[in-house]
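TrEMBL lists 5-428 with the feature domain 'Major facilitator superfamily (MFS) profile'. Under the heading transmembrane segment, TrEMBL lists 34-59, 71-90, 96-117, 129-147, 159-177, 237-261, 281-302, 309-332, 338-362, 374-393, 399-422.
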Amino acid sequence: MLIAIVIVAALFGMLFGFDQGVISGALPFIKQDFTITPFMEGVITSAVPLGAVGGTIVAMVTTDRYGRKPMLILGAVIFLVGSLISALAFNQYILTLARLLIGVGIGASAMTAPMFLAEVAPARIRGTIVSAFQLMITIGIMVSYMSDAAFGGSGDWRWMIGVGVFPSIIALVGILLSPETPRWLTLNSNADKARDIIARLQPESSDAEIDGIIAEIKESARDEEAKPSWSTFLKKGILPITSFAMIVFVLQQLSGINAIIYYAPEIFKNAGFSGTTTDLLATVGIGVVNVALTVVAMYLVESMGRRKLLIMGFIGTSAAMALVTVATMINIAATPYLAMIGIFAFIAFFAVSLGPLPWLYMAELFPLRLRPRGMALPSVANWFFNFVVALLFPELLAGIGIVGTFAIFTGFCVIGIFYAIAVAPETKGVTLEEIEQRTVAAG
Ligand code: BGC
């Protein structure tokens with residue numbers, strides 16, 4: 001049963017990735033159907049991250065009251081309806097509204113699904129199960145690129161997007177069949193039901209062990225009863241965590257990752273490649289490298305450690321972005337290939353480091369009592385800057401060109417090197433309780 005539930009919740013990660021990635025291959029054809037300006041291109045693309053800012057806030061204020069399961073059901077329904085409307089949209093405005101709606105679903109489930117996973121997973125495998133969510137995001141992006149490539153020949157952008165309906169239906173049926181989390185039930189005076197569910201999730205546990213789990217949940221709830229006020233996050237001792245968790249996400253987004261995720265075929269065209277099919281295939285390659293290196297990251301965060309990996313990631317992404325900038329500036333016969341090498345190298349360094357690390361830091365650094373609200377702040381920063389990049393990229397490309405745009409991304413990656421060297425903490429091999437102690441001591 002546990003496996004089935006984990007698959008269902010991780011499927012939300014896949015939907016998240018799918019809806020992020022699918023626009024990249026669809027956009028060139030949407031542009032042919034509805035004549036749109038670069039600004040409108042940015043609006044259509046950035047509607048998803050903008051909606052996600054709203055969805056994160058909705059989830060933050062409602063999931064404690066109504067439960068994780070209803071939030072995820074709502075998320076799946078929104079995905080489904082949003083995918084259908086965008087596939088059928090007859091103008092760019094309906095398409096934008098549908099994508100805004102999908103964004104709300106993404107934001108809400110990106111907050112709730114990892115929480116759901118963490119609360120149903122037995123403690124000993126929690127880390128692996130939660131990090132599987134990031135992996136599923138990258139798999140979703142890869143599948144969306146494959147859908148783009150499959151329908152690229154016929155240029156049918158409606159099918160590219162419409163394919164998203166199928167995983168939404170599976171996620172919806174799956175979550176309807178899943179139980180609410182034992183933790184939420186216990187906190188909402190339904191310990192008996194929670195006990196039944198834990199017994200089904202962990203059939204190897206004895207009655208005494210199950211009682212222990214329920215007692216632990218109640219114990220931790222006592223600490224959480226006094227909900228922290230937002231000003232807590234500005235207090236000495238906590239402020240450095242709040243600002244680090246947010247800034248590392250801001251730099252993650254300003255590195256230019258989603259310019260590539262959303263606009264890869266456009267970028268390849270600007271770098272001198274011609275032929276939509278080549279662009280779409282190259283884009284599938286990006287999706288595959290992203291997945292593969294995320295798997296490597298799951299190993300490296302433990303062996304190399306967070307801090308070293310983050311510094312290395314910023315150095316690597318800076319070099320890769322600099323290569324794209326210089327290659328497009330000198331404009332020689334080899335330019336398209338050099339730019340492509342730069343973009344693949346960027347994705348590899350990103351996926352192994354800047355991709356998963358901000359999520360991991362966010363979950364590790366805040367003391368338990370502050371975690372739910374603490375995690376909402378960096379999530380909002382992540383989506384907001386994702387929105388800014390998605391909105392401005394087509395305008396920048398049209399205005400200052402590919403060289404200037406990638407020079408800006410290079411600049412932010414270089415700032416990241418210095419920021420990581422100055423501030424990034426090491427949390428490898430340290431228990432969450434020890435991290436908490438450090439925070440208390442600093443405060
Ligand atoms: C980022 C997303 C990005 C994805 C790419 C995530 O860590 O937050 O914005 O699209 O990685 O794999």
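The backbone N, Cα and C atoms fix where each Cβ goes, glycine too.
Given the structure is predicted, the values throughout are model-derived calculations rather than measurements.
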Highest-contact recorded stretch vs the transmembrane segment (309-332), from 34-59, 71-90, 96-117, 374-393, 399-422, CB pairs under 8 Å: 399-422
Leading stretch by Cβ pairs under 8 Å, where the reference is the transmembrane segment (237-261) and the options are 34-59, 159-177, 374-393, 399-422: 374-393
Positions on the same chain near the transmembrane segment (338-362), where near means CB under 8 A and six or more residues out: 131, 134, 138, 244-245, 248-249, 251-252, 255-257, 260, 264, 267-268, 271-273, 282, 285-286, 289-294, 296-298, 300-301, 306, 309-310, 312-314, 316-317, 319-324, 327-328, 374-375, 378-379, 382, 416, 425, 427
Contact check, the transmembrane segment (96-117) vs the transmembrane segment (34-59), 3+ Cβ pairs under 8 Å, seq sep 6+: yes
